[in-house]
Amino acid sequence: MLSVHGASRVLSRPLHNTCLNYIRRFASTSREEFDVVIVGGGPVGLALATALGSKPELNKSLKIALVEAGDLSKVRDWSPSPAAFSNRVVSLTNASQTFLQNIDSWDHIEQERTTPIEEMQVWDGVSDARITFSTSELGLPTPAEGMARLTETLNLQRSLLHHLITTPSVEVIDQSRVQSISPDEISGAWPSVMLDTGRVLKARLLVGADGPNSPVRAFAKIPSYGWSYDTQAIVCTMEHPPKGPFLGPNTTAYQRFLPTGPIAFLPISATASSLVWSTKPSLATALKACEPPVLSRMINAAFRLPEVSIRYLNNRILEAHEAGTPITDEEIRSEILWREQSHSIDTTSAYSSATVATSASSGIPPLDAEMVPPVVTSIQSGSIASFPLRYNHTESYVGEGQGSRTVLVGDAAHTVHPLAGQGLNLGLGDVECLARCIHQTVLRGGDIGSYTALLPYTQERYVENHKIMSACDKLHKLYRVSSGPIVQLRSVGLEILNELDSIKAALMMTAGSVSRTDRPLSYSSDTRAAMFGAAAKGFEGMRMAGQVLEVVKGGLVGFVGNALRNAPTTRQR
Amino acid sequence: MLQTHLLRSLSTVNANEIAHFTRLSAEWWNERGEFSFLHKMNPVRMQFIREKLVETTYDELPEEAVNAKKVRILEGLDVLDIGCGGGLLSESLARLGAKTTGIDAAESNIAIAQHHASLDSRLPRNLTYRHTPAESLLQEPKRYDVVCSMEVLEHVDNPVMFLKTCAELLKPSGHLFLSTISRTPLSYFLTIFMAEKVLRKVADGTHTYSKFINPSELLDFFHEFRSPSTPQDAETQARPWISRLYDGQPTRKEAELRGMIYNPLSASWILAPRGAWGATECNYLFWVRKPAALGGEASEH
């Protein structure tokens, strides 16, 4: 008892404290202290720094550092020619756009290099069942703005960086690689980030915005689970003639679900669009090795020909690649032409791509011109790339124990199949929530690195992200099946109705443009309004369920009816 | 032993309570341990303090002179945190700019609080801790703009004397913030039966049901209570701190009661809206304002 008392008295003696403080300060002369250290200068990391820096009242309270291994001046000075587009594009939902407007970054986006998505066409590669949705029918407040806006990742990054340069409370430290991260040996609480330039940053809160192989996640020992899809996504910038006078502008996104994975056509300008083609790794390698004109023809075919022919063409490409004799443009053209003829696709149809002359778009377009994307004529040089697809979700977004005071955002916390274009939007959703969480904590005098302060962030984002991630995962798996009862169900139309609706839902979930920046984290008067909203939605949901049930019932009756009607005929044979 | 004896005779401090918290002192800053409920409650208490100070400033200053978004809202104010424990509230108060003094009757708490504050070099230098009972501060001339005593009232021996001490330590127009627990069947069920006995989230023996204080008892106390007369504020003691109760409720400018409700689904506390039905049946916050000195009172009208 006595000794305990004695010890605590010594500890609390002011002189001792002063000594301790002196030693501490002496020992940490080379350490710089920051309230927030963000590792990773991608769009998510930049957005977080901007969001925190854009609140004038936080300027005095938060000292922020952003660490990036690459050279950000390349992003800052990025000025491409108007016709050339980078191969990495992002689809920003209206919610993401509103967030970017709220943090004053949207004005720095080069608007000429963005395209609104006004319509989406999604169809089943095997059964050709199709769903189309356009902004006018989604009931968005501003249909002219589109359901999402496509732009290059670099355009977004540059706009954030331009805004960040004018923010005094944020120090951007680029060309600095994180060498190691260690828990602080003195306090045992604040992590230190060692950079290869010799600088040591001590962080009250360490944010991992450092992508799928996050070093911050490794430091905080946050487990992550997931699987590889055995799929590579090929990306490139495709060039095509502008849409004809009788067609709308190039604002329709197309996506076809093939058994090898979805292929998507994403417009970025009148004559250029971006490709995201998810396919088997071996095929991706073979396609990338082809001459660019061959790839163009394969892209055109993949959007047009029946699945059986695409399978044949894929095998053809693979065989030629393995034999070491890459297929030539003329060979693939004649193959496609032959397949078109054998499927009796008329040369004037939009589904024909082998014989189309590039000037064809000037005349009256074929009746089915809206069903498929414009014919790709060439691919911008150097724009072909590919990356593996993974599903990953960490067990938590906040580190504990030795890894306390760390938090993960964006791809460091979750990677998702790109089929709904939600990856970056989820990341921006994280950033919006984390910035709100930090703001609230600062206003209440809390410690922004504490578990308690970060808990609302995990609570709000984990389930939200998981919903969308698993929707995308399920869709990918569902459409990889090319035969058997699932395809039958798909082609009967029941699953089409349901599952395609969930793409719509996945898109719609974040498509709302209602700002969430000012939403309080705790109970307040608008909780009541939210409750009424939820109740109303529940009612709506029940009504919808009723309608779906009706359709299913109708479908089943028709199905059974058909089966009965067919039964006698089969017996007659 | 001698020390606790002395404390008992001088103050409202309960020796058993102090022994209990001394045992737990090392746990103060384990956010997922014994005190996790307090850690989660802290933002709600701070929210209440913040909202109330902004509100009173709006009442006194022209609209455009108030910056409600300002972070350091307590800048320049002398703030006393009675029963600071490990310093959960004191640190938050200091971050909002207050010249904070945290006091606690348990010496080990003060050591923990000092140690923890020293870990955060960006914590302002205006945070001091003292091992002393509140009563002994009455001997000193210093008075405070804000006195907070969170989750303490239900642990003291003589609540009336304790409240008088808190009141006495305030400057005229000063703010007193308290939080405690109602003496209701619900509060017994939640804070003692569930939290201590069944779920064991809170150390057994932390709370004693008979020591809980009902909101009406606090209101009645300040409805009667007039600041003891001193020569300079002889005039102001004419009115009690709560001049009138309407249907059992004080007016917004004199006092306020707000319930704190724990939401087990989100594992967080929420600050119930003013006058929410049944919200003060368990944990609640209480704010009361010392009547202004003569000059100040005139400007209120």
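Glycine is no exception: its Cβ is also placed from the backbone N, Cα and C atoms.
Together with B:Gly83, B:Asp104, B:Met150, the S-adenosyl-L-methionine site in TrEMBL holds one more listed residue from B:Arg32, B:Arg45, B:Arg183, B:Arg200, which is B:Arg45. Taking the Cβ of B:Glu154 (Mg(2+) binding site) as centre and 10 Å as the limit, one finds 22 other Cβ atoms among all the protein chains shown. You'll find the Cα of B:Asp104 (S-adenosyl-L-methionine binding site) roughly 15 Å from the Cα of B:Glu154 (Mg(2+) binding site).
For the binding-site residues B:Asp104, B:Glu151, the largest tally of other C-beta atoms within 10 A is found at B:Asp104.
Between the CA atoms of B:His155 (Mg(2+) binding site) and B:Gly83 (S-adenosyl-L-methionine binding site) there is a gap of 10 Å, rounded to the nearest whole number.
A simple way to gauge crowding: the CB of B:His155 (Mg(2+) binding site) has 23 other CB atoms within 10 angstroms, across all the protein chains here. Under 8 Å, Cβ to Cβ, and six or more positions away along its own chain, B:Arg45 (S-adenosyl-L-methionine binding site) finds B:Leu89, B:Cys148, B:Met150, B:Phe177, B:Ser179, B:Leu285. In the structure shown, across all protein chains, B:Gly83 is the one of the binding-site residues B:Gly83, B:Met150 with the greatest number of other Cβ atoms within 10 Å. In this structure, B:Gly83 (S-adenosyl-L-methionine binding site) belongs to neither helix nor strand by DSSP; it is coil.
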